[in-house]
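These come from TrEMBL:
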- 1-126: domain 'Major facilitator superfamily (MFS) profile' (DOMAIN)
- 25-46: transmembrane segment (TRANSMEM)
- 58-82: transmembrane segment (TRANSMEM)
- 102-121: transmembrane segment (TRANSMEM)
- 161-631: domain 'Major facilitator superfamily (MFS) profile' (DOMAIN)
- 237-256: transmembrane segment (TRANSMEM)
- 262-279: transmembrane segment (TRANSMEM)
- 300-327: transmembrane segment (TRANSMEM)
- 350-369: transmembrane segment (TRANSMEM)
- 485-506: transmembrane segment (TRANSMEM)
- 513-531: transmembrane segment (TRANSMEM)
- 543-566: transmembrane segment (TRANSMEM)
- 587-603: transmembrane segment (TRANSMEM)
- 609-627: transmembrane segment (TRANSMEM)
Amino acid sequence: MTVFMFAIAFPYDHCIKPDNRIGFVVMYSLTFFFANFGPNATTFIVPAEIFPARLRSTCHGISAATGKAGAIVGAFGFLYAAQPQDKTKTDAGYPPGIGVKNSLIMLGVINFVGMLFTFLVPEPKGKSLEELSELDMANEGQISILRALDSAKTQWYHVTTVIISGMGFFTDSYDLFVISLITKLLGRIYYQKPGSSSPGSLPDGISATVSGVAFAGTFLGQIFFGCLGDKLGRKRVYGLTLVIMTVCSICSGLSLGTDPKSVMTTLCFFRFWLGFGIGGDYPLSATIMSEYANKRTRGAFIASVFAMQGVGILAAGGVSLLVSYIFELHFPSPAYMVDPATSTVPQADYVWRIILMLGAIPALLTYYWRVKMPETARYTSLVAKKSEQAASDMAKVLNVDIEASSAKHDQARFSSDEFGLFSAKFLRRHGLHLLATTTTWFLLDIAFYSQNLFQKDIFTTIGWLPPPKTMNAIQELFMISKAQFLIALCGTVPGYIVTIATIDWMGRFKIQVVGFFMMMLCLIGLALPYHHWTLPHNRIGFIVLYSLTFFFCNFGPNATTFIVPAEIFPARLRSSCHGISAASGKAGAMVGSFGFAALVKALGMRNTLLVMAGISLVGMLLTLFLVPEPKGKSLEDLSGEAEPEKIKDTIVV
């Protein structure tokens, strides 16, 4: 990602020339490919593996929230950083920035830092959750259950769990990313100024809020539901998150008001609570999948759940493409430059509402199966101390015969239970792990969400999209949707696929380091020759390089930052730690969503890309020094909940 960011940034002036725009788009797509075949996947997976069961959901939530903090930084900061350095060329209300070129370099640096931080990330590949979280165990009933889960063959229930958990994640990504497609349409509908030479657009503050408010809700939801998942169990709160997402998705499309301000207010209100439900799905889905899976293919299963994010992004573009095409076919109108008054037909107000509401359908269809899922055996055995119940639950859904010990063992106390979240013992065992998952997810989401949410602005800057005044409102939505769909198809989704195929072979650590590094290079490659990419004959190169940033993001930290927190923490803290990690990510997403446009205005697109490259560099450095490798270890070994010499083979599979 770093490589492609730099590759776009340094020859930026070349890239934005009309002849070079296809090259720019290709390069830009590659950044998304490597984001998803990289840290965008691994930052989701790792927190679901490395923390103890009782803290797993919490730690994943914290990690994810840190990522969303990064997204906030990217969303708001990029708005300022990417502003042209010439004050006369900045958007109204924004100070001069460093320009797009320098902003791309910044993104490349961010990716490089993310790569360095990946040195801190452990490798969960091939390890049980208990090995990863270093659980100390003496209960044969618990040991037999955990070993049965780790050695069980891949079965149909594993696949159904991926589908059930993945549909929630599909809705998550659809709702979070579709908003970037409709903001231009909202501006034309509600903020058109009579007599203006250009189409209406959302005021900068409202645009940033509409794009970023869901991340604020996600940040809080990841911490809240992550901790709740460790306190009450994964299953008891899993269905609630889906209900919140479904209801608020529908209500977002029903946002009403007597004036533009009231419509935007109700839309932001429902999107905040939509984000709150989405936040809960991060730690719970990752934790549930990590605790069901065996240690040989755990990474691939968690990555498969996370890959539904890519499908959701693709669906957001595809649905918007289809809906806008249908409405344009039935309600044609002239371009804005021909007739401003009729270029936005009244029926356009239905378009964005339909697009928002359609995202609720897949999640709604899986609600029944989600609430019927049994509690994970690891939670029931390690946290609830009901080994026989855990064995019975697993026997109903998996083809295993577990010889659970008698109930007297259920009352046993283990050294792993002696410490709580943020206690001295937790900080000694897992403090650096939590620092690794939160910081890398935070940095990743700054770059990932800022690029995703502001693709339309980048494409307009390099001339890949026609000037808005040459299109009517629905045509503009169609063109923006087509661009995002192509980037997702060529860069984002392939990154997820490669991650699933390689994560249990390469390991989380290597994928995250490589992802951050390549994101940095891609962003530098976009930023330094930025003016080169803006030339018409260079656009293909830009698209290739831009796509590579997404490829290495998803075949990189976007996946691993999700996976690792679900593996390395103890069972009783797993959901909490994943929630904290995810919340950190959403903090980054908020930074990205609110800051990116501002950064572009303040620094210009070139300098903003350089900033993103710098963020990737920091992410790489943090990974190098802090992230453990969970590959090939059980969750109990990873979290310290198991001592190998005490384990006996008491299972029949």
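These residue numbers are counts, starting from 1, taken along the chain as shown.
Each residue, glycine too, has its Cβ placed from N, Cα and C.
Note that TrEMBL annotation is computational and uncurated.
Long-range contacts of the transmembrane segment (262-279) within its own chain (CB-CB distance under 8 A, at least 6 residues past either end) are made by residues 61, 64-65, 68, 171-172, 175-176, 179, 186, 190, 202, 206, 209-210, 213-225, 240-245, 248-249, 251-252, 255-256, 579, 582-583, 586. DSSP labels the residues of the domain 'Major facilitator superfamily (MFS) profile' (1-126) in these numbers: 75 helix, 24 strand, 27 coil. Residues 36, 40-41, 44-45, 48-49, 158, 161-162, 165-167, 169-174, 177-178, 181-182, 285-286, 289-290, 292-293, 345, 347-348, 350-351, 354-355, 358-359, 452, 474-475, 477-478, 480-482, 484-485, 488-489, 492-493, 495-497, 499-501, 503-504, 554, 558-559, 562-563, 566-567 of the same chain lie 6 or more positions beyond the ends of the transmembrane segment (300-327) yet place their CB under 8 Å from a CB of it. Long-range contacts of the transmembrane segment (485-506) within the same chain: residues 25-26, 28-38, 40-42, 45, 125-126, 296-300, 303-304, 306-307, 309-311, 313-314, 317-318, 321, 455, 543, 546-556, 558-560, 563, 631, each at least 6 residues beyond the stretch ends and with a Cβ under 8 Å from a Cβ of the stretch.
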